[in-house]
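To start, the structure itself, in structure tokens.
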Amino acid sequence: MNQSPSSRDLRIDFFRGLALVIIFIDHTPNNLLGNFTPRMFGLSDSAETFIFLAGVSSALAFGRSFERAGWFAGLGRVAQRVWQLYRAHIGLFVAVFAIAVAADQHFGGGRYVASLNLTQVLADPGTSLVKLLSLGYLPNLFDILPLYMFFLAGVPLMVLCARLSPRLVIALSVALYVVGTANRWNPVADPTTGRPWFFDPFAWQILFVIGYGFGAGWFAIPRVTVRRLALAAAVLALGSWLVFAMRWPLHPGLLADARDMLAVLARKTDLGVLRLLYFFAQAYVVVALLRLVPSFPASRPARQIVLIGQHSLPVFVLGVMMSFIGGIVFDRLGMGVLPNLLVNGGGVALLWVWASGAAWFGRQPWRQPRGESLGQARRSRASA
């Protein structure tokens with residue numbers, strides 16, 4: 001993103017950083033700490049937060065490019081970011097594939113490559129490479145960045161439609177959500193098996209668009225009232241009940257029938273309506289809590305998570321790699337307390353170090369004259 005550090009909304013960076021940490025924990029196989037993340041207690045996990053905040057951030061970053069430099073310049077800015085995401089996607093695949101092959105060669109016996117659905121890459125590397133580069137083949141864990149590319153590719157069109165009316169953008173998004181999910185437009189991730197994308201882009205785009213709307217100022221954050229908080233709490237309670245009801249068997253009857261009906265509305269792949277409502281109820285409660293402690297995102301402990309959120313792409317890429325490595329560590333060392341401390345504590349610490357390194361490179365200290373402070377360097381660049 002191209003916002004200066006002083007102009008960034010720390011709340012966005014904090015919750016994006018928190019989502020990245022949770023993604024790392026949840027994606028690590030056999031992770032004991034994964035039993036205590038939000039997905040175990042409700043319908044919304046880190047994915048909804050990450051996609052929604054991606055929409056907010058896109059409006060703040062790319063929307064300004066369209067306003068400041070014109071539509072074609074904004075299009076170029078979006079294309080640059082999509083290209084960056086594409087390179088990160090391919091690089092991430094190469095890195096994880098290499099880790100899986102190396103692990104199998106030493107002690108895996110082929111299971112790590114198979115766990116990512118990558119056996120066809122070894123069997124037919126030429127065809128697999130073509131499909132991979134064209135995004136026609138997305139192995140397990142590899143559809144998040146293409147999903148984000150899909151969303152960003154629609155931003156220039158959203159900007160054009162918003163010039164007529166932001167309501168037109170929302171109407172088109174809702175129509176795409178309804179028609180796309182009803183007709184199963186979800187693209188194929190694996191042509192050999194017919195497996196679709198884990199996140200249906202035609203469904204999940206509505207969350208990105210709503211986030212974009214908040215970032216662009218189309219929507220105002222709802223005022224906190226007792227009645228709305230009670231309604232949000234009721235939605236959260238319903239979603240939590242459904243999660244536990246799906247985890248433990250119920251005797252046939254009214255409750256079991258209600259569970260089965262609601263489960264259809266809470267599917268993750270096509271972002272069921274109940275899952276969407278649950279996320280916004282959760283967000284509303286968080287907004288209410290933040291108003292009690294508005295300075296929390298700027299506090300010293302929160303700043304460590306903010307730093308991770310400010311460098312989401314490199315941290316996400318490393319987090320996926322580390323989660324896969326963490327699963328290998330658990331296989332080798334067991335799932336006791338010490339391996340969990342090593343994987344989770346060491347992994348989160350490494351994400352922070354990685355974000356700190358990204359921040360250091362972003363400041364470009366080699367362009368700073370010796371003895372000049374960081375603040376002086378920023379003022380010099382601003383005046384130039």
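Every residue, even glycine, has its Cβ placed from backbone N, Cα and C.
Summarising the annotation, TrEMBL assigns transmembrane segment to 12-29, 49-66, 86-103, 141-161, 168-186, 202-222, 229-251, 271-293, 305-329, 341-361.
Of the Cβ pairs linking the transmembrane segment (271-293) with the transmembrane segment (229-251) and spaced 6 or more residues apart, 3 or more are under 8 Å, so the two regions touch. Remote same-chain partners of the transmembrane segment (86-103), defined as residues 6 or more beyond its termini with a Cβ less than 8 Å from a stretch Cβ, comprise 112-113, 115-116, 118, 121-122, 132-133, 139, 141-142, 145-146, 149, 313, 317, 320-321, 324-325, 328. Between the transmembrane segment (305-329) and the stretches 12-29, 202-222, 229-251, the greatest number of Cβ pairs separated by less than 8 Å involves 12-29.
Listed as Cβ neighbours of the transmembrane segment (202-222) (distance under 8 Å, sequence separation of 6 or more from its ends, same chain) are residues 48, 51-60, 63, 147, 150-151, 154-155, 158, 162, 166, 169-170, 173-174, 176-177, 180-181, 185-186, 228, 269-271, 276, 279, 284, 287. Long-range Cβ contacts of the transmembrane segment (12-29) within its own chain (Cβ-Cβ under 8 Å, at least 6 residues beyond either end) map to 37-39, 45-47, 49-50, 53, 56-57, 60, 115, 141, 286, 297, 302, 305-310, 312, 315-316, 319-320, 322-324, 326-327, 330, 343-344, 347-348, 351, 355.
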